[in-house]
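Written below as structure tokens is the structure these notes are about.
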């Protein structure tokens, strides 16, 4: 029964992460045209008119993935879109320190349910938004929901899957759902927007979010358990941030995601200018990268099960691959060539994330108290830094320095950071501190919380 429950909870978390990333990316083919329509531009908010500046030889339909933003009527439309895309990550960055502390105090289920509720509200607001201010509010609300849902979800997986290699497999499954959501959302949103209207993609996601919240409520009612009252107090987030091992992991997570965050808003225009790419080529640029990402997750999980002491090496190898692939992007001259380094970037990110996310939980186990809200809030902060800067900073760097210099800088940063992970080489030899896990596994249960956790682990 306990195994079945934790599998269902893993399903709930995976759906939550899938929804969050689908909502993050589903607006990519919709918002530029939608904002142009609000400003009285050539685009139309309905499904019948083609997007301004986004026509193709096949009949003028919208591309299913981002192509080119519509011409700005007042010269600041690109800025508006960049700020809108970044607002989610910025608010998430600001809220994460608070959400991590709250999760450590109240448990994982209640913040996860609250995050799903806010995401449902955000998605519904997107569906009925009629002006830029409402869109901005909906996007910011999504950041608030993600700060709770993502952090609590990953922490819940780490808590329920306490043993390796089960923890790496579970976190790898969650990462695969994140990748699938990011890559499937733009075609999903583009097709539904084209044939059913702008509200339908958001209403479908809102319904799935509601069902996921109801399933979580049935599996683990946040107010139905008293186990949390006896849960040990987690290490404060500011103490975790100054832990040198956790700081190294957080820096790696931020650095490895910078190429992806900075390329997403800039590569479309570069492909059009440098190689005359068509709309469908720009639209399908990232789609093949899903497969090497899943392959990277699978390979890392299998290697971590066989050689768990080399987690640092898998992360360093991933950063080296990201660095080399990023440097190769400006050298590409056609659509087929561009796909190869982008696949390399996503494969490397999969290696880094799948190797280092379980390492964060292990570091908390052996150096602090086995409560995971704050440490995964730090991981979420690392991701948010990259994705908050991307939509705002990347275009300015390309404008002032050039696309090639942007990629070379990102590649060099990853290559130089890879040796820093040598600092984690001896992490696997650390012995657990005197935390609740020692009590459970070595000294036997002594209280209500210890008894409950022991029964869960036996199950």
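Cβ coordinates come from backbone N, Cα and C, glycine included.
Note that the coordinates shown come from a computational prediction; the quantities given were computed from them, not determined experimentally.
Now, the feature entries from TrEMBL:
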| type | residues | note |
| --- | --- | --- |
| TRANSMEM | 7-31 | transmembrane segment |
| DOMAIN | 9-429 | domain 'Major facilitator superfamily (MFS) profile' |
| TRANSMEM | 110-129 | transmembrane segment |
| TRANSMEM | 170-188 | transmembrane segment |
| TRANSMEM | 200-224 | transmembrane segment |
| TRANSMEM | 245-263 | transmembrane segment |
| TRANSMEM | 283-305 | transmembrane segment |
| TRANSMEM | 312-332 | transmembrane segment |
| TRANSMEM | 338-363 | transmembrane segment |
| TRANSMEM | 375-398 | transmembrane segment |
| TRANSMEM | 404-424 | transmembrane segment |
For the transmembrane segment (7-31), the distant same-chain contacts (Cβ-Cβ under 8 Å, at least six residues beyond its ends) come to 62-67, 81, 84-85, 88, 112, 115-116, 119, 122-123, 126, 135, 139, 142, 145-146, 149-150, 153-154, 156-157, 160-161, 170, 173-174, 177-178, 180-186, 188-190, 193, 198, 201-202, 205, 208-209, 212, 215-216, 219-220, 283
Among 110-129, 200-224, 283-305, 312-332, 338-363, the stretch with the most Cβ pairs under 8 Å to the transmembrane segment (245-263) is 338-363
Long-range Cβ contacts under 8 Å made by the transmembrane segment (312-332), restricted to residues 6 or more beyond its ends, are 252, 255-256, 259, 263, 267, 275, 296, 300, 303-304, 338, 340-345, 347-352, 354-356, 359, 403-404, 407-408, 410-415, 417-419, 421-425, 427
- request: Taking the transmembrane segment (170-188) as the first stretch and the transmembrane segment (338-363) as the second, find out whether 3 or more Cβ pairs fall under 8 Å, excluding pairs closer than 6 in sequence.
  value: yes
